[in-house]
Every structure is written in structure tokens, then in C-alpha cells.
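Chemist: So TrEMBL says this about it:
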- 8-255: domain 'SMP-30/Gluconolactonase/LRE-like region' (DOMAIN)
- 10, 146, 196: divalent metal cation binding site (BINDING)
- 93, 95, 113: substrate binding site (BINDING)
- 196: active site, proton donor/acceptor (ACT_SITE)
């Protein structure tokens with residue numbers, strides 16, 4: 001549905017109030033918004049790689065870029081820094097993020113590659129930005145903090161550390177925002193490759209984007225089993241969310257960075273954004289950052 005290619009499209013969020021899909025292109029350092037009505041993509045450039053974007057209750061967005069949390073005013077294109085983190089790790093940057101059921105913004109970091117396929121291990125962390133702008137560190141020694149979401153009863157937090165090739169479930173305290181007691185939920189099969197972004201549907205099942213696996217998979221967190229696979233015409237599938245007027249459509253982002261010329265020739269749609277219909281299941285609206 002979005003033909004404008006992204007180097008590293010990520011973190012799609014459906015914004016009901018704008019009837020639009022908001023997402024980031026990490027490597028092009030921009031936050032984008034696509035309207036299905038006009039088919040137009042608008043974008044706001046930022047001064048660092050931007051890992052995630054989330055809706056803000058009072059309008060505009062909260063973003064995680066470089067190693068800082070910030071607000072983005074869409075109309076003025078002004079970015080206001082809230083807090084700088086990890087200033088001792090110049091090679092780190094924020095990656096995926098999402099707002100929890102109580103309006104806190106969870107986002108994690110990772111080390112950038114220093115050469116193709118080479119990165120320092122266990123340099124990342126997972127943070128929570130509270131509505132009063134205070135921050136806590138939830139996890140340490142993470143490789144690539146990635147997809148995240150919550151169970152429908154708000155008792156479980158799901159998180160992906162991509163290089164663990166697995167989805168983990170944590171107990172989650174809705175009142176404090178704290179997570180604890182990680183356990184392995186699902187380990188990806190070889191052909192599924194590496195897990196990236198993730199979302200939940202209205203039945204409480206998880207959808208995981210498989211980067212280099214060219215698919216999204218649906219996992220039942222009760223059984224830890226994969227129950228559905230949807231293949232896409234691009235291999236570097238990065239993230240997914242539900243949207244549309246009744247949240248019955250799934251939007252899937254992809255990337256073309258990391259593909260050689262031969263692969264790019266075979267994948268003319270690499271970097272585009274896809275819409276999957278007919279899944280027979282709906283999603284739920286995204287929470288707003290409560291400040």
C-alpha cells in the first residue's frame with residue numbers, strides 16, 4: 001500500500017484520530033505518516049536514527065531516537081528532548097518501543113554494527129519512560145531490544161531480544177509498570193529467521209515479524225505454538241500492527257537496507273509497506289503516552 005520505499009521501515013502505529021499509519025524509517029532518520037485516503041506520505045526529518053514512535057495523548061508523538069527520548073510536534077516539526085541516556089555508549093541507539101496500558105512508553109536500545117555482521121553483544125537495555133518524564137531501566141545486557149506488547153489482561157509483558165531468536169514472557173505489574181520473571185515463550189524455527197517487531201490481536205495472540213524470513217507468524221502465548229504463517233513478497237519484514245477503521249487490517253513494514261543488488265532485483269517490493277486483509281481477526285487500538 002505504501003510504495004515509497006524505506007531503508008529500514010519500522011514501528012507502524014495506527015493513529016485513529018488522523019486516520020493514518022505512522023511509522024519510522026530508522027536509517028533515513030525520519031518519522032512518516034501515510035494517509036490511505038490520499039495515499040500521501042508526509043515525513044519529518046530528525047537528527048539521529050529513530051527507532052520508534054508512539055502516540056501522545058495531547059497530540060503529536062513520543063519518539064526514541066539516538067539514545068534519547070523526545071517529543072515530536074508534527075505540525076511545527078519541532079523535536080524536544082526529554083532525556084538523554086547511555087551517553088557512555090556512543091555506538092548504541094534506541095530501537096523498538098510501545099506504550100503500555102497505563103500510558104508509559106517502553107523502548108529498548110541496541111549496539112549498532114561496527115562492520116557488516118559485527119556488533120558488540122549485550123550492550124542494550126529496556127527502559128520505561130513514565131508520564132512524569134522519569135525513567136527506569138527494566139532489562140540490561142540485551143543484544144537487540146525489539147518487539148514488545150502486553151496481554152489482554154495486562155498481566156504479561158512480551159518482549160523480543162532478536163539475537164536470542166525467541167519471544168519471552170514476563171510478569172507485568174500494571175500499577176508500577178515493572179516487569180519480572182522472564183520465561184521462554186517461543187523459539188523461532190530456522191526458516192523463520194530472526195524475530196523483529198510484534199503486536200497482539202483482539203484474541204490475545206501474538207504476531208511476530210520475521211526479518212530475513214519474509215513472513216509474519218502468529219503465536220498462541222497459552223501453548224507457545226505457532227498457529228499461522230503469512231508470507232510476504234519481501235524478505236526483510238520488520239514489524240506489524242493492526243489498523244483501519246475497525247482494526248481488521250494488518251500493516252507490515254519492511255526494509256531494503258542489508259540486501260545486495262542481486263536480492264534487490266528479485267525483491268522489487270523490498271522497503272514497501274504491505275496491508276494484509278482477510279485474517280479473520282482484529283487488533284486493538286494503541287495506547288497513548290499519558291503526558
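Placed from the backbone N, Cα and C atoms, the Cβ positions cover glycine too.
Annotations in TrEMBL come from automatic prediction, not curation.
Relative to the rest of the structure, where do these features sit?
Modeler: Sequence-distant neighbours of residue 196 (divalent metal cation binding site) (same chain, 6+ apart, CB under 8 A from its CB) are 96, 146, 147, 160, 162, 208, 209, 210, 211, 237, 238, 239.
Within 10 Å of the C-beta of residue 95 (substrate binding site) we count 26 further C-beta atoms, all protein chains included.
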Chemist: Among the binding-site residues 10, 113, whose Cβ has the fewest other Cβ atoms within 10 Å?
Modeler: 113
Chemist: Would you mind reading off the Cα separation of residue 10 (divalent metal cation binding site) from residue 95 (substrate binding site), to the nearest angstrom?
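Modeler: Distance (Cα to Cα, whole Å): 9 Å.
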Chemist: Can you tell me how many other Cβ atoms are located within 10 Å of the Cβ belonging to residue 146 (divalent metal cation binding site)?
Modeler: 31
Chemist: Around the recorded divalent metal cation site, report the further residues of that chain (criterion: Cβ within 8 Å of the mean position of the Cβ atoms of 10, 146, 196; site residues excluded), sequence-ordered.
Modeler: 11, 95, 96, 147, 160, 162, 197, 209, 211, 238, 239
Chemist: Output, ordered by sequence, the same-chain residues six or more apart from residue 93 (substrate binding site) with a CB under 8 Å from its CB, or 'none'.
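Modeler: Non-local contacts for residue 93 (substrate binding site): 48, 49, 51, 65, 66, 67, 109, 110, 112.
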